[in-house]
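Take a look at the structure below.
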Amino acid sequence: MPMDVILVLWFCVCTARTVLGFGMDPDLQLDIISELDLVNTTLGVTQVAGLHNASKAFLFQDVQREIHSAPHVSEKLIQLFRNKSEFTFLATVQQKPSTSGVILSIRELEHSYFELESSGPREEIRYHYIHGGKPRTEALPYRMADGQWHKVALSVSASHLLLHIDCNRIYERVIDPPETNLPPGSNLWLGQRNQKHGFFKGIIQDGKIIFMPNGFITQCPNLNRTCPTCSDFLSLVQGIMDLQELLAKMTAKLNYAETRLGQLENCHCEKTCQVSGLLYRDQDSWVDGDNCRNCTCKSGAVECRRMSCPPLNCSPDSLPVHISGQCCKVCRPKCIYGGKVLAEGQRILTKTCRECRGGVLVKITEACPPLNCSAKDHILPENQCCRVCPGHNFCAEAPKCGENSECKNWNTKATCECKNGYISVQGNSAYCEDIDECAAKMHYCHANTVCVNLPGLYRCDCVPGYIRVDDFSCTEHDDCGSGQHNCDKNAICTNTVQGHSCTCQPGYVGNGTICKAFCEEGCRYGGTCVAPNKCVCPSGFTGSHCEKDIDECAEGFVECHNHSRCVNLPGWYHCECRSGFHDDGTYSLSGESCIDIDECALRTHTCWNDSACINLAGGFDCLCPSGPSCSGDCPHEGGLKHNGQVWILREDRCSVCSCKDGKIFCRRTACDCQNPNVDLFCCPECDTRVTSQCLDQSGQKLYRSGDNWTHSCQQCRCLEGEADCWPLACPSLGCEYTAMFEGECCPRCVSDPCLADNIAYDIRKTCLDSFGVSRLSGAVWTMAGSPCTTCKCKNGRVCCSVDLECIENN
């Protein structure tokens, strides 16, 4: 789609939004405190005075609380979030200084789909969400746990994140679009993460979720609201993608239609029937007089049905007889001679030959053919005047029998008899129809067979799972022994009456057709269960269920450059530049890209007065000639610290700095747990109270105050009975495409854009599908002619993958 069309659409959105304004639709918001029905008697909270009197405020302080939504509220929340790319969480909070806690969490079991957390110890606000089935965290440095009132508004618009604090825009970031289709069973928690973790300590007021663009306007009406949001733009892009998908489908249909037309041009569409040299068009009907059938031409095939004859009620002086050229008997007058009754056409030999015609015996002067047998062997056939020799072919003279009957010679006459499997129509054996032996139960099919009717006969077919013994009997088929089954190699095949059944072997799970190995404790960090309770671990992990990270640094598997130090990460490691060094932008895995920082050239040194800065590898030195100017004092925050002076940083009460010979050195405060006045905030390891211990996320392990541990790509620390967790620091990557592999916590560089997790939603990076239709970056479609192949436009390249389960099911 041309860029000018997109700009026109963009202008239309801007204009429409400016004109319509921002009226609040009550169906597009959720008042959390009202929906949770909090009252002063709710366990764990106390109603208190808030920042204003327009709404209720509640103090959250007791850890023995479970403030979560009722099932009907959870269902309402799921419906509100469904397919929404734009929402804002608002609240007015007053958090106890230096504490950590979750203000709001929307989660299902262990998955946080929306969670806002404030950490006092690290002075940051964290937004936890899910993208592509994986947890994501955005850490936003800000000190909100200060005992003061704050208005907080976190807005998400597709891949755009906005954080307003006290109506000031604090952060604006591009993030991976969060998953908003909440699974059944999702729950909303206020003031805590779940039953045991993330307890917020402080007051919460005005908790709301707004499902409309620029929802922060509800809290701060004077903020700018005229610009379209990221979601607006992505909606336009999605509209273009939908049009492209429609164009692709129409192109496919057009190509198919053109192919069909090309085929039709080379053939005659109408299917005709040719019978006895005559051509009949489709749906033409005619009478097959020879066989007394009504026939129709249907799509090139002849379908015939036996003509039905009406019942005859002949008078006493007439008899039903066949007339040549007619299919049904008719009533004709009978003749009587010497007590013998003759029907129309029958003859009798008296002195002369006479034939019954119209009820009168008429003299026949027809000459008889000469015979080649002796007179004593002559035979007079019934109702005839001419004698014949033995073995005479009466069938050659008799009326023609139908297709399902056959002529049979007797000594004195010929008759039509129905073939085996047929029965006469209305008592006339010249015309016969099929006997359905199956329906009439006239078959001899035994058990484990199915009777199948055929023209003139029937067949006994074996039911599935059985093999034929003779024409009427079947015996059970050994599917398992013969290998004619679809059981998985790790399944047990059992013969059954219907055929066979498949059951997974002990230690495997599945439907028998597909059996997967089962590991009771699971395989963590992307490990694969290859046999019962046997995991194959990905690189960087070990243990019976891949629960142990391999410390490549401690094990000596890695040798970092001397300008860097090895930092272990779950499943991986990286070489981090030492203090006084920085990366040159090539980000070498071994740390070779760490180069010295020239503090002197950058004027980041602390040399004072007449002293000269001398750059050193990983640091600097101050050289001062002897004299009164060489005091060794240090400049600090616009002031001066004397040589030998020690002080505590105002922004970090847990760090102490000293000035020595013009250089400033800072370190963490040493902890003396024997000192009764020790600062437990800076020295949590000195807090021996039982109430200050922390339960880990699994609820299985207890940590002491001050302990550190790693969980799900987060670094956690126990402080005053509450675990504070933050994302592990990952090395910077200077490559275009990155991917996070299963079980790892940090992305790696990849050269193939199809392997990359990150997608550049750039309308200039398009792809051409198999029909030549242009697709925007991020578009997904099914490959033509291959329903199990899905393609995606990633960074200007078509990336296709095959769904193996789809192939198995189709």
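Cβ coordinates come from backbone N, Cα and C, glycine included.
Feature annotation from Swiss-Prot assigns disulfide bond to CYS395-CYS407, CYS401-CYS416, CYS418-CYS432, CYS438-CYS451, CYS462-CYS474, CYS480-CYS493, CYS487-CYS502, CYS504-CYS515, CYS519-CYS529, CYS523-CYS535, CYS577-CYS594, CYS624-CYS630 (among others). Annotation comment: Swiss-Prot describes 57-227 as domain 'Laminin G-like'. Among the features that Swiss-Prot reports, domain 'VWFC 1' is placed at 271-332, with the record citing sequence analysis. Summarising the annotation, Swiss-Prot assigns domain 'EGF-like 2' to 476-516. Residues or ranges marked as domain 'EGF-like 4' by Swiss-Prot: 549-587. What Swiss-Prot records for 596-631 is domain 'EGF-like 5'. Swiss-Prot lists ASN40, ASN53, ASN83, ASN224, ASN294, ASN372, ASN511, ASN562, ASN609, ASN708 with the feature N-linked glycosylation site.
The structure, with features from Swiss-Prot marked on it.
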residue: ASN40; record: N-linked glycosylation site; contacts (Cβ under 8 Å, 6+ apart): THR46, GLN47
residue: CYS395; record: disulfide bond; contacts (Cβ under 8 Å, 6+ apart): CYS407, LYS408, ASN409, ALA414
residue: CYS418; record: disulfide bond; contacts (Cβ under 8 Å, 6+ apart): ASN404, SER405, SER424, SER429, CYS432
residue: CYS451; record: disulfide bond; contacts (Cβ under 8 Å, 6+ apart): GLU437, CYS438, HIS443, CYS445, TYR458, ARG459, CYS460
residue: CYS474; record: disulfide bond; contacts (Cβ under 8 Å, 6+ apart): HIS446, ASN448, THR449, CYS460, CYS462, VAL463, TYR466, ILE467, ARG468
residue: CYS504; record: disulfide bond; contacts (Cβ under 8 Å, 6+ apart): ASP488, ASN490, ALA491, ILE492, GLY510, ASN511, GLY512, CYS515
residue: CYS535; record: disulfide bond; contacts (Cβ under 8 Å, 6+ apart): CYS519, CYS523, GLY527, THR528, CYS529, SER544, HIS545, CYS546
residue: CYS577; record: disulfide bond; contacts (Cβ under 8 Å, 6+ apart): HIS563, SER564, ASP583, GLY591, CYS594
Non-local residues, at least 6 beyond the ends, that sit with Cβ under 8 Å of the domain 'EGF-like 4' (549-587):
525-526, 538-542, 593-597, 599, 616-619, 710, 713, 728, 730-735, 741, 743-746, 748-749
Ranking the glycosylation sites ASN372, ASN511, ASN708 by other Cβ atoms within 10 Å, which is at the bottom?
ASN372
Mind tallying the domain 'VWFC 1' (271-332) by DSSP state, helix then strand then coil?
0 helix, 29 strand, 33 coil
Nearest to ASN294 (N-linked glycosylation site) by Cα distance: which of the disulfide-bonded residues CYS401, CYS416, CYS502 is it?
CYS401
Sort CYS451 (disulfide bond) into helix, strand or coil using the DSSP assignment.
strand
In the three-state scheme derived from DSSP, which category covers CYS480 (disulfide bond)?
helix
Same chain only, sequence gap of 6 or more: which residues have a CB within under 8 Å of the CB of CYS502 (disulfide bond)?
HIS485, ASN486, CYS487, ASP488, ALA491, ILE492, CYS493, THR494, ASN511, GLY512, THR513
Residue among recorded positions ASN53, ASN372, CYS401 with Cα closest to the Cα of CYS630 (disulfide bond):
ASN53
What is the number of residues in the domain 'EGF-like 4' (549-587) that are helix, strand and coil, as DSSP sees it?
0 helix, 16 strand, 23 coil
Residue among the disulfide-bonded residues CYS480, CYS487, CYS515, CYS529, CYS594 whose Cβ has the most other Cβ atoms within 10 Å:
CYS594
List the Cα distance (Å, whole number) between ASN708 (N-linked glycosylation site) and ASN562 (N-linked glycosylation site).
27
Give the residue from the disulfide-bonded residues CYS432, CYS462, CYS519 that has the most other Cβ atoms within 10 Å of its Cβ, counting over every protein chain displayed.
CYS432
Where CYS480 (disulfide bond) and CYS416 (disulfide bond) are concerned, what is their Cα separation in Å, rounded?
53
